[in-house]
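Chemist: What follows is a single structure, and I will ask about it in a moment.
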Amino acid sequence: MEAGVDTTACPIDQQAAHELIDIMRRGQPDKILLGGPKAAEITIYCSQNQLIAGMLVTPPRGAESEDLSREQIQEALKAARITQGIREDILNDFLSPEHQQAFRAHGIPECWLVAFGQAAHQGEDGWLESLVDDVSDRRPVIHEEDDRVDFLDHGEFPHVDPNTPLARRHPPTEGQNGFTVTGKTLKGRDGKEINFRLSDNSVHVSFEDENLLLSSIAGLPVLHEHGAKVDQVLKIAEVGLQSGHIDFDGSVQIKGNVNAGMHVKATGDIKIGGLVEKASIDAGGNIEIGGGVIGHKSNSPENRWGEQSEPGKDDAILKAKNNIKARFIQEAWVESGGTIVVEKQVMHSHLYAESTVQLTGQGKIVGGFTRANAKIDTDTAGVPANIPTHLEVGMCESLKAELTELNQQRHKLTEQMEQLKEVVEKLKRSRKPVPDEKKRQILKAKQTLTTQAEALNEEHDRIEMSMAQQQIARIQVRKVCHPGTNLVIAGKSYAPRNELGKVTFFLRDGDIRMR
């Protein structure tokens, strides 16, 4: 400046001045350009995915230097192959006189984003909408009256009838192409179609709507990734706190145990692979238990069923309309509408079978009350310790009571039918027109009485057949019958005082006989 240099026209580069001072301190000869006019500089950069491009601009230096022009920017972009998504509005802001003046004044390089690509939009895959509850939706029941949560009761299992909508298929969406700032097209993938997979005949696609899946049978809806199916068999690993009580319209298969305090109820069969503890099992079909039954232990088990006509809340309870099969039964209340089959032993339990109680192999009955209408078949009855063991077949007394009550109902129904006939005869004799409503009432009453009479006659025949079978009922002990065993056949009782070997007890001429 002292030499008359105009720093406005020929500005000094401050960085170069610092370098000159450093050279002078070292005393080393060197050449360096201290300043002078310098045009603006531009550098183009691009993101790795080529969706964004920007420019780094160094401001011009010196009054005589020119500002960066639009043509220079365009040439720089072209040289960097930036051809798409260039924002002219951003370039206009950068090139405006106001910005150029401020840019030159502060002299600091600036970075501007000037081009933007567009990412490809991927289409969504088709998906299935569930229209029914799933097993996973079960939760512990909250009782409204006291806000108490029952962690053992998870509510009923979902159940569907035939032709119930199970799932709806939603179509995929189309993808949208994108582009990079260098002009490359980014392909947008269309969503994938999802197809129903029908693993069996339990479901079908609606004839009116190809995107709607319907149930073909009644049962438990099971949803999966490609549709649904309907199971008539509920499969559970174990019945306990995690599963909650089971109440299912169909059959149930339990791989493991049924823990104490749990309830299992099914309209079909119940098959259990493990043990049944102090729990309740109720089947509309058969019950099969692989591991046996262990109920509540009593201080005096040999007498616990003596005065008891119904099971207690602490008992293991098994009830089936058909047959029951178990490996062993201990301290339990068991009722079967068919046959009870036990492989090992029955100890201190209450058993009742409409048909037969059978202990296979070396099976034995110790203590408790065992009753069957037709037959009890066991290898051993009682034990040498004289524990009271009650075996009873041919229970005629209850059948006689049923027959007496049934005959009273039939007599009353006969009187009602006679009264209806008298009403009809009076109307005929009067020879007056009978209103249609009166005719309908008489016809309906006649149909009702006829239906009731048919049902009573069928029940009468069943009871008489059962009573006939009671007369041939028998108790068979294949190996040994110990003292302490009380035998009852059709109301007649016998208690052997001594140990008996292989023996069959039956009724003849009103007395119990042996052979």
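Sequential numbering from 1, following the chain as shown.
Even glycines carry a Cβ here, placed using N, Cα and C.
Copied straight from TrEMBL:
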type: COILED; residues: 396-473; note: coiled coil
type: COMPBIAS; residues: 174-183; note: compositional bias 'Polar residues'
type: COMPBIAS; residues: 304-313; note: compositional bias 'Basic and acidic residues'
type: DOMAIN; residues: 42-225; note: domain 'Flagellar Assembly Protein A N-terminal region'
type: REGION; residues: 162-184; note: region 'Disordered'
type: REGION; residues: 294-313; note: region 'Disordered'
Chemist: Report, as numbers and ranges, which residues of the same chain sit near the region 'Disordered' (162-184): CB under 8 Å and 6 or more residues beyond its ends.
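Modeler: Long-range Cβ neighbours of the region 'Disordered' (162-184): 46, 49-53, 81-86, 115-132, 190-194, 196, 203, 206, 211-218, 221, 223, 227-228, 230.
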Chemist: For the domain 'Flagellar Assembly Protein A N-terminal region' (42-225), what's the model's average pLDDT?
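Modeler: Mean pLDDT, the domain 'Flagellar Assembly Protein A N-terminal region' (42-225): 87.
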Chemist: Which residue counts does DSSP give the compositional bias 'Polar residues' (174-183) for helix, strand and coil?
Modeler: 0 helix, 3 strand, 7 coil
Chemist: Treating G and I as helix alongside H, and B as strand alongside E, what does DSSP give for the region 'Disordered' (162-184) in helix, strand and coil?
Modeler: 0 helix, 9 strand, 14 coil
